[in-house]
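Asks: For 1-19, the entry in Swiss-Prot reads signal peptide. Among the features that Swiss-Prot reports, NADP(+) binding site is placed at 36-60, Lys186, with the record citing similarity to another entry. Residues or ranges marked as substrate binding site in Swiss-Prot (evidence: similarity to another entry): Ser169. Residues annotated as active site, proton acceptor in Swiss-Prot, with sequence analysis given as evidence: Tyr182. The N-linked glycosylation site annotation in Swiss-Prot covers Asn183.
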Amino acid sequence: MQMARLLGLCAWARKSVRMASSRMTRRDPLTNKVALVTASTDGIGFAIARRLAQDRAHVVVSSRKQQNVDQAVATLQGEGLSVTGTVCHVGKAEDRERLVAMAVKLHGGIDILVSNAAVNPFFGSLMDVTEEVWDKTLDINVKAPALMTKAVVPEMEKRGGGSVVIVSSIAAFSPSPGFSPYNVSKTALLGLNNTLAIELAPRNIRVNCLHLDLSRLASAGCSGWTRKKRKA
């Protein structure tokens, strides 16, 4: 009788441990995952980086300015989060390579990429957009996310897969007046996302596109949206 009770208690204990472990896995799926977030020292990018770190991921933030990186890292580390950072202009190959190399050196690999960097150097009619503005907008908003993804895929494959999140805008579906080249670039990101999703699925890498509305970007103080709206 006592032996039966003991065996029953052991079985109950094993079941409880399995259930607790399962709950922990579901609750903290990002524990010890490694995430890169571009343009992540303020606004939406900073909020994404903070949330990933709060969910126990190791996060590498980036910005074009060292002082912004230092401030963001100090703030998030002050909250007890696992965050490091480096300067990265996503339009420069050497900066993209450094960002990837830092994550691999510090944490052994990469599981998550959030491509958040974007610019809007022009406000007005599409007919007034110069070639220089087109080049800058498409280089940062479209080409850079594609090349960042290309840079991290080999590292994700080494870890059995990963996740890429491309931050786009509701402008991909409903163009906002005045944000002419920006609207086009964000629509292009939808095509990039869909193509990458098909190509990378066999490698167990998910690709998703996040479409934010401009009011959310403005409320987060992102990229001068509020200032440009006032000028308009």
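For all residues, glycine too, the Cβ spot is worked out from N, Cα and C.
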Asks: Which of Ser40, Ser169, Asn183 (the recorded positions) has the most other Cβ atoms within 10 Å?
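Replies: Compared across Ser40, Ser169, Asn183, the most Cβ atoms within 10 Å surround Ser40.
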Asks: Does DSSP give Ile48 (NADP(+) binding site) helix, strand or coil?
Replies: helix
Asks: According to DSSP, does Arg56 (NADP(+) binding site) fall in a helix, a strand, or coil?
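Replies: Going by the DSSP assignment, Arg56 (NADP(+) binding site) belongs to neither helix nor strand, so it counts as coil.
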Asks: Counting across all protein chains present, how many other Cβ atoms fall within 10 Å of the Cβ of Tyr182 (active site, proton acceptor)?
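Replies: There are 24 of them.
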Asks: Long-range neighbours only, meaning 6 or more apart in sequence with Cβ under 8 Å: which ones does Arg56 (NADP(+) binding site) have?
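Replies: Result: Asp28, Leu30, Thr31, Asn32, Lys33, Ser82.
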Asks: For Leu36 (NADP(+) binding site), which of the recorded positions Ser169, Tyr182, Asn183 has the nearest Cα in space?
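Replies: Result for Leu36 (NADP(+) binding site): the nearest of the recorded positions is Ser169.
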Asks: Tell me the Cβ neighbour count for Val60 (NADP(+) binding site), meaning other Cβ atoms within 10 Å of its Cβ, over all protein chains shown.
Replies: 28
Asks: If you count other C-beta atoms within 10 angstroms, which of the binding-site residues Leu36, Ile44, Ile48, Leu52 is the most crowded?
Replies: Leu36
Asks: Would you mind reading off the Cα separation of Ile44 (NADP(+) binding site) from Ser169 (substrate binding site), to the nearest angstrom?
Replies: 12
Asks: Roughly how many Å lie between the Cα atoms of Ser40 (NADP(+) binding site) and Ser169 (substrate binding site), rounded to a whole value?
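Replies: With the alpha carbons as reference points, the distance is 17 Å.
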Asks: Could you check which of the binding-site residues Ile48, Leu52, Val60, Ser169 is the closest Cα neighbour of Tyr182 (active site, proton acceptor)?
Replies: Ser169
Asks: Restricting to the recorded positions Ile48, Leu52, Val60, Asn183, which ones have a CA within 10 Å of the CA of Ser169 (substrate binding site)?
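Replies: Taking Ile48, Leu52, Val60, Asn183 one by one, the ones whose Cα falls within 10 Å of Ser169 (substrate binding site) are Asn183.
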Asks: Helix, strand or coil at Tyr182 (active site, proton acceptor), per DSSP?
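Replies: For Tyr182 (active site, proton acceptor) - judged by DSSP and reduced to three states - the answer is helix.
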